[in-house]
Protein chains: 4
Amino acid sequence: MTAPISEQLNADELLESGQRKMEWARQHMPIMGSLRESFEADQPFAGERIGMAMHVEAKTAILAEVLAAGGAEVAITGCNPLSTHDDVSVALDAVDGVTSYAKRGVDDKEYYEAMEAVIDHEPTITVDDGGDLVFAIHEDYPELIDTIIGGCEETTTGVHRLRAMDDDDALEYPMFAVNDTPMKRLFDNIHGTGESSLASIAMTTNLSWAGKDVVVSGFGYCGKGVARKASGQNANVIVTEVDPRRALEAHMEGFDVMPMDEAAAEGDVFITTTGNRDVIVEKHFEEMSDGVLLANAGHFDVEIDLEALEANAQRTYEARDGLQAYEMPDGRRLNVLAEGRLVNLAAPVSMGHPVEVMDQSFGVQAVCAREIIQNGDQYEAGVHNVPDELDREVAEIKLEAEGIEMDSLTGTQEEYMDSWQHGT
Amino acid sequence: MTAPISEQLNADELLESGQRKMEWARQHMPIMGSLRESFEADQPFAGERIGMAMHVEAKTAILAEVLAAGGAEVAITGCNPLSTHDDVSVALDAVDGVTSYAKRGVDDKEYYEAMEAVIDHEPTITVDDGGDLVFAIHEDYPELIDTIIGGCEETTTGVHRLRAMDDDDALEYPMFAVNDTPMKRLFDNIHGTGESSLASIAMTTNLSWAGKDVVVSGFGYCGKGVARKASGQNANVIVTEVDPRRALEAHMEGFDVMPMDEAAAEGDVFITTTGNRDVIVEKHFEEMSDGVLLANAGHFDVEIDLEALEANAQRTYEARDGLQAYEMPDGRRLNVLAEGRLVNLAAPVSMGHPVEVMDQSFGVQAVCAREIIQNGDQYEAGVHNVPDELDREVAEIKLEAEGIEMDSLTGTQEEYMDSWQHGT
Amino acid sequence: MTAPISEQLNADELLESGQRKMEWARQHMPIMGSLRESFEADQPFAGERIGMAMHVEAKTAILAEVLAAGGAEVAITGCNPLSTHDDVSVALDAVDGVTSYAKRGVDDKEYYEAMEAVIDHEPTITVDDGGDLVFAIHEDYPELIDTIIGGCEETTTGVHRLRAMDDDDALEYPMFAVNDTPMKRLFDNIHGTGESSLASIAMTTNLSWAGKDVVVSGFGYCGKGVARKASGQNANVIVTEVDPRRALEAHMEGFDVMPMDEAAAEGDVFITTTGNRDVIVEKHFEEMSDGVLLANAGHFDVEIDLEALEANAQRTYEARDGLQAYEMPDGRRLNVLAEGRLVNLAAPVSMGHPVEVMDQSFGVQAVCAREIIQNGDQYEAGVHNVPDELDREVAEIKLEAEGIEMDSLTGTQEEYMDSWQHGT
Amino acid sequence: MTAPISEQLNADELLESGQRKMEWARQHMPIMGSLRESFEADQPFAGERIGMAMHVEAKTAILAEVLAAGGAEVAITGCNPLSTHDDVSVALDAVDGVTSYAKRGVDDKEYYEAMEAVIDHEPTITVDDGGDLVFAIHEDYPELIDTIIGGCEETTTGVHRLRAMDDDDALEYPMFAVNDTPMKRLFDNIHGTGESSLASIAMTTNLSWAGKDVVVSGFGYCGKGVARKASGQNANVIVTEVDPRRALEAHMEGFDVMPMDEAAAEGDVFITTTGNRDVIVEKHFEEMSDGVLLANAGHFDVEIDLEALEANAQRTYEARDGLQAYEMPDGRRLNVLAEGRLVNLAAPVSMGHPVEVMDQSFGVQAVCAREIIQNGDQYEAGVHNVPDELDREVAEIKLEAEGIEMDSLTGTQEEYMDSWQHGT
């Protein structure tokens with residue numbers, strides 16, 4: 001059985017570093033700060049147990065401690081074998097009301113054992129990033145489902161999996177699709193994934209964006225973010241898509257659109273954001289130039305077919321920290337960042353999404369968790385959109401924290417918007 | 001009773017000019033060209049009567065002639081007293097199967113009489129831009145409703161009015177909300193309204209965007225388009241909003257966000273895109289600098305309170321074609337473009353949305369009209385979203401016309417997207 | 001002999017329209033306003049005669065009247081047969097101290113006769129836009145050179161001609177290269193040419209920039225402006241160049257760079273800004289797609305080989321105002337805007353550079369004219385850079401007019417910038 | 001006396017890491033690769049000794065090895081106490097013909113001792129980055145000046161110091177101002193400084209640019225780069241300047257311009273690029289918000305007055321690696337990155353300018369060094385601009401390496417550009 005992280009590692013050495021990281025995050029997460037205040041006063045989670053499987057680094061830690069501050073008993077583990085910051089995990093484990101099992105570099109067996117340790121707390125709420133926790137519960141611990149009130153899912157990919165479960169009538173408690181809210185999609189995906197993926201690639205390689213041909217696969221919210229931010233650094237962006245409207249949208253923003261079969265020979269850098277598998281495969285490797293960079297900004301490490309690349313390479317070596325070079329028989333070197341895992345999380349220099357955008361996503365997580373407690377009985381089993389007023393609530397907290405004022409509708413204006421008896 | 005336009009005006013003088021304009025539009029509307037081919041072959045509208053109230057200029061004329069080519073008897077009038085191009089109206093009236101009653105510069109009485117002339121054709125399908133036609137029918141010709149199969153509405157504002165009717169159970173036949181489709185919102189509103197509003201303002205004033213403080217009211221699709229395109233011309237953009245998430249979205253794109261009470265003193269140019277009334281009112285005029293420009297890119301001319309401006313001005317004069325100067329008692333001059341009507345339509349130099357974006361919107365209109373005929377009985381009275389496959393169909397036609405190729409999902413990829421039994 | 005414009009045209013009809021245009025320009029030219037005040041007080045040009053050959057429209061008229069306000073006798077004609085606004089020419093002719101000979105649509109003979117009429121005033125200062133006036137004087141009126149103190153030239157092309165003359169020792173009085181100043185190049189060329197060329201093309205064609213492949217020939221200041229502003233409207237920009245550093249600069253900004261032989265087949269719109277001839281020639285026309293737009297934003301109408309196009313076309317017709325269609329034997333239509341002349345001046349909807357950027361250029365012209373009077377004897381015959389302090393003076397006037405404050409160097413900082421005895 | 005780095009550190013541990021870094025740089029520096037080939041063949045530096053004081057990391061190492069490949073004996077040390085990568089220094093020291101004395105974290109005394117060790121090689125050519133080497137020679141080793149043929153200087157700041165020396169007639173051998181070439185300024189300063197400064201700040205802080213108010217001090221080439229790239233990441237940029245034309249240029253690009261006294265209260269992030277001292281001082285610290293970031297992208301660490309900050313803080317602590325927090329008496333925390341040194345070099349995650357832009361700068365350095373040998377006697381003592389044909393040569397090498405083709409002038413075009421006898 002997996003033990004809490006503080007019993008696994010030399011906590012003393014890691015604690016201060018983890019606390020320092022959490023302190024930095026705390027300072028730059030005004031939404032969480034505001035929610036902590038109200039949760040401390042109201043104790044909405046008193047008596048509840050919250051199980052979490054997320055990327056355990058400083059920002060997530062603040063979400064966990066804010067839920068704990070609201071009265072919950074929180075148990076957490078990682079949702080990716082490489083994304084845990086051990087020092088943060090230790091510092092989080094030291095927080096009152098939180099137990100952390102997350103450790104970096106676990107193998108598959110350890111990964112699922114840590115998840116079981118979380119499940120062993122018999123959570124009444126689950127918070128997921130990718131869906132592994134909710135899936136493990138449905139698969140292996142169906143007896144727990146009765147006592148689970150509901151849960152939240154953070155990512156596109158996780159929501160996709162949940163909807164597929166739901167379509168099969170296999171999802172047995174209500175889950176909020178946090179990923180699909182405006183507050184998540186518009187900020188986390190566009191700004192968070194966009195900025196942090198590019199900065200991670202730049203810092204891992206010491207290369208420049210200016211004048212580079214950057215192939216972005218997928219023009220969903222993440223792809224838009226990557227494409228626009230790359231363009232904002234003077235890259236020449238090429239988009240590949242499978243959806244005609246997104247393809248057209250990319251074209252109308254001024255990006256080149258073409259199939260990957262054609263883009264393979266054009267790109268200097270390739271960034272996948274599709275959430276699908278086999279986006280870049282053997283036939284594409286054959287077309288690529290010497291020195292290309294291959295990175296993934298989608299959830300799972302299946303977008304670039306690394307097995308095929310490995311099989312075709314005559315030699316592979318770590319050319320830089322976090323960058324594996326595959327030397328092809330003809331001498332071309334294809335450089336894969338972060339083993340094809342989420343480049344903004346798994347590259348050695350990476351720290352995941354920027355603090356501020358996670359503040360927004362986690363703000364939605366926190367108010368959804370509160371909603372589950374307060375009104376959980378009103379939601380049937382299945383995937384639920386986050387109620388609009390919760391999403392708006394988080395936006396309002398953020399604007400207030402930033403000191404941004406808006407207009408408000410006058411009575412006359414509200415009436416006008418509701419009326420229809422007026423003509424040209 | 002309003003007569004067809006060719007009987008009202010000296011058609012001979014206007015015909016060639018109108019036909020030349022239509023020819024230009026036809027060349028740059030590949031989606032309409034493709035649909036014409038299939039409609040000519042299939043005659044989906046044989047025996048149907050289509051009543052239209054739209055901005056009658058060259059692009060709309062192509063929609064009308066394509067519907068007529070599909071077998072419809074089309075009757076059309078304007079949806080705005082100032083937006084009709086008389087030469088195009090004459091040329092359209094000369095098209096087989098089309099009768100046009102639209103004339104520029106009509107007064108209120110004439111405006112509604114022309115609408116009645118259209119209604120007098122007893123349309124089986126209605127196509128609206130702002131909702132005036134559907135509203136007139138419900139108000140004054142309820143006896144026609146039984147024979148109307150359905151209709152389409154082009155604009156945000158019109159859809160808003162229809163939804164309000166629908167909420168009151170007052171909408172008695174099915175209407176497609178064309179405005180709400182991705183193909184409309186993402187292209188027409190963002191690129192069409194954005195580019196054409198700015199170009200109209202620049203050409204009316206001979207002024208530059210570089211370094212200007214441009215206040216954009218509303219950060220919906222139109223507002224986003226105006227704000228981004230203005231920023232792309234090196235303006236410094238300030239956004240006013242009433243919705244917290246849109247305000248936050250504007251802030252996160254790097255725009256200043258503030259209430260109009262504050263923005264009034266900051267702006268060099270003000271562009272309203274809210275769809276609401278009284279966005280810029282008396283207290284704002286008082287704060288504005290000498291020489292500001294005031295323009296509206298929302299549907300109706302109610303966003304800027306011109307009555308209050310008129311009442312406060314000591315003198316007004318036409319400073320340029322399409323630009324009225326209001327001289328305040330303290331000598332400041334506030335310059336209103338196009339009488340506060342849609343600046344990209346009503347300014348003298350304006351020709352409305354660019355041809356290509358209207359090709360997309362009208363492509364959706366045309367396939368929706370076809371859907372009404374083919375499957376109209378499947379839609380209840382009320383507002384309906386455009387079925388996604390129709391919207392996709394138009395996107396695919398466009399991509400093909402542009403020679404843009406995409407990827408398509410492999411069987412393995414489709415399976416992956418549908419599955420959920422796989423973990424990290 | 002050419003008579004003043006007021007004697008050629010029915011002045012009464014045109015005067016008010018011209019005065020209204022000048023009034024608008026005057027309001028938006030704060031630099032000229034500030035200089036007028038000082039010139040009226042100081043009368044720097046008392047007793048001088050200033051000959052001008054410029055695009056005679058509202059902004060230029062303000063320069064002429066400000067010079068006249070400083071005591072000069074001003075005689076002016078056009079520098080392009082199509083760019084004169086007759087109403088402004090009439091209104092300018094009515095200004096005290098100014099005689100205007102400029103008329104729109106003159107033939108070659110009339111064009112040079114009007115120039116002779118200006119020369120007949122025996123100017124002591126010449127102000128040129130393209131160099132025609134200074135060249136005519138050197139060629140045909142060498143006897144006047146002795147009494148000419150100096151002159152100013154506005155454009156890249158004119159300065160280029162003057163430098164060529166200077167290299168041949170053929171330039172016999174001092175000329176300020178106004179074009180080469182930061183205040184001209186950075187604002188007029190980049191923002192002025194960029195914005196107004198694009199707006200002119202958009203309004204002439206009613207087409208959109210979003211998603212268009214726009215080929216920009218030349219990546220000097222004008223080309224940079226056109227390319228960046230087009231990109232800011234979501235066009236996909238392709239640059240052609242003959243200079244390796246500019247080519248590299250375009251590449252590093254993220255634009256595609258290729259030879260015109262290749263770009264010809266790619267572009268939807270072609271905009272020349274090179275100042276050279278034969279940029280787009282017969283072999284390129286053969287490669288172009290149906291419906292392309294061809295426009296010139298360089299000084300002379302020699303960049304696109306219209307003779308070859310005419311010779312190859314099977315039919316030509318005016319497809320829109322200001323747009324001539326050339327139908328090739330294979331049916332493709334190539335559309336030339338404004339007869340290949342400066343599109344932001346010669347298109348029917350065009351009004352030349354925006355008012356504000358001309359305020360800056362003309363500010364430099366005005367202080368250079370003052371410098372010629374005050375210190376003309378210190379300049380030898382030949383091309384001279386505008387003294388840096390004059391250019392700075394204009395920048396300071398503009399900042400003050402815009403209410404923009406800056407930092408100023410402290411004594412310690414000035415000392416630091418001048419010192420070199422400090423290490424790492 | 002300072003020993004070569006390999007004798008100071010445990011070379012075995014560092015060698016492989018340094019060589020791996022150099023190999024990566026070598027792969028992405030096509031200009032250096034091309035020059036190495038020609039230098040190896042021609043041995044232009046046979047018998048020469050080149051003394052270098054530069055940031056010793058992988059890219060610089062490639063310059064040093066290319067010069068050595070051309071026959072030079074190269075001695076190198078750092079030009080900044082914190083910017084040396086020890087592993088690269090060791091690997092470089094192991095290159096034939098190169099001795100490296102550079103070590104990270106030296107104190108002032110060690111810094112100058114290492115410089116003396118370089119000087120002890122009695123260089124015939126000096127290559128500087130900031131001017132410390134040339135200054136030390138003039139100050140302390142005037143006897144060497146006779147045998148020095150010439151040198152190159154890389155930075156704005158160094159050139160500034162050299163020009164000040166030159167104005168005092170104190171510079172006694174010819175120095176090429178590499179910094180001032182188009183190939184350096186347009187790419188290294190704009191793209192290199194811009195991208196790498198922002199990525200360093202983002203990765204050091206895990207914060208986002210979207211929606212941040214970023215104050216950029218100085219709108220020279222570096223400042224333009226930082227401002228534009230920050231804007232490209234959706235920051236709201238505020239510029240402070242002391243030069244009216246640059247201030248106006250910033251304003252016309254759409255940035256806010258204001259004095260630092262005002263900007264201090266507005267900014268979330270402050271980035272100095274002025275090359276001057278005391279840009280942000282005590283009175284500004286007082287106005288700043290809690291949590292601001294302070295970073296320097298100018299050469300020396302004098303732009304932010306850290307002494308005053310230290311004196312005013314009640315507590316300071318390292319909040320993150322490379323980020324010192326200064327807690328003010330009122331509780332506000334001001335966060336200084338990289339001790340106020342060049343943030344893109346001195347932050348722990350930083351690797352200096354991107355490889356590709358240094359390839360261009362160093363290409364100019366290398367051909368200038370070659371020019372000194374080939375034509376050094378044609379240059380007098382003092383600062384010299386890099387001959388234009390050398391700068392062009394490097395651009396051409398780069399374009400060829402990137403596979404970018406250009407147009408070339410026809411005979412008719414060249415003649416046209418040289419002629420002036422043609423009119424409108």
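Positions of Cβ are set from backbone N, Cα and C atoms, glycine also.
No curator has checked TrEMBL annotations; they are predicted automatically.
The shown structure was predicted, so the numbers you read here are calculated from the model rather than taken from an experiment.
As recorded in TrEMBL, the features of this protein are as follows:
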- D:ASP129, D:GLU154, D:LYS184, D:ASP188: substrate binding site (BINDING)
- D:155-157, D:ASN189, D:218-225, D:GLU241, D:ASN276, D:297-299, D:ASN344, D:HIS353: NAD(+) binding site (BINDING)
- D:189-350: domain 'S-adenosyl-L-homocysteine hydrolase NAD binding' (DOMAIN)
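Taking 8 Å as the upper bound (exclusive) on CB-CB distance to chain C, the binding-site residues D:GLU154, D:LYS184, D:GLY223, D:GLU241 give D:GLU241 in sequence order.
Geometry remark: D:GLU154 (substrate binding site) versus D:ASN189 (NAD(+) binding site), CA distance 11 Å. D:ASN189 (NAD(+) binding site) and D:ASP129 (substrate binding site) have their C-alpha atoms 14 Å apart, to the nearest angstrom. D:ASP188 (substrate binding site) carries a helical DSSP state (H, G or I). Calculated from their C-alpha atoms, the gap between D:GLY220 (NAD(+) binding site) and D:ASP188 (substrate binding site) amounts to 13 Å. Taken as a whole, the domain 'S-adenosyl-L-homocysteine hydrolase NAD binding' (D:189-350) shows an average pLDDT of 95 in this prediction. Here is what falls inside 10 Å of the CA of D:HIS353 (NAD(+) binding site) among the binding-site residues D:ASP129, D:LYS184, D:ASP188: D:ASP188. Within 10 Å of the C-beta atom of D:GLU241 (NAD(+) binding site) sit 27 other C-beta atoms, taking all shown protein chains into account. Listed in chain order, the residues near the substrate site other than D:ASP129, D:GLU154, D:LYS184, D:ASP188 are D:THR155, D:VAL178, D:ASN179, D:SER361, D:GLN365, each with its Cβ within 8 Å of the site Cβ centroid. Among the residues D:ASP129, D:GLU154, D:LYS184, D:ASP188 said to bind substrate, no two Cα atoms are farther apart than 13 Å. Among the binding-site residues D:THR155, D:GLY223, D:GLU241, D:GLY298, the ones whose Cα sits within 10 Å of the Cα of D:LYS184 (substrate binding site) are D:THR155. If you draw a 10 Å sphere around the CB of D:GLU154 (substrate binding site), it holds 31 other CB atoms from the protein chains shown. Annotation for D:GLY223 (NAD(+) binding site): same-chain Cβ neighbours under 8 Å, separated by at least 6 residues, are D:VAL216, D:SER217, D:VAL239, D:ARG246, D:THR273, D:THR274. Note: the Cα of D:GLY298 (NAD(+) binding site) and the Cα of D:ASP129 (substrate binding site) are spaced 12 Å from each other.
D:THR155 (NAD(+) binding site) sits 10 Å from D:ASP188 (substrate binding site), taking the CA atoms of both as reference points. Cβ neighbour count for D:ASN189 (NAD(+) binding site): 25 (other Cβ atoms within 10 Å of its Cβ, all protein chains included). Distance noted between the C-alpha atoms of D:GLU241 (NAD(+) binding site) and D:ASP129 (substrate binding site) is 25 Å.
The secondary structure of D:THR155 (NAD(+) binding site), as reduced to three states from DSSP, is coil rather than helix or strand.
Between the listed binding-site residues, namely D:GLY220, D:GLY298, the fewest other CB atoms within 10 angstroms of a CB are found at D:GLY220.
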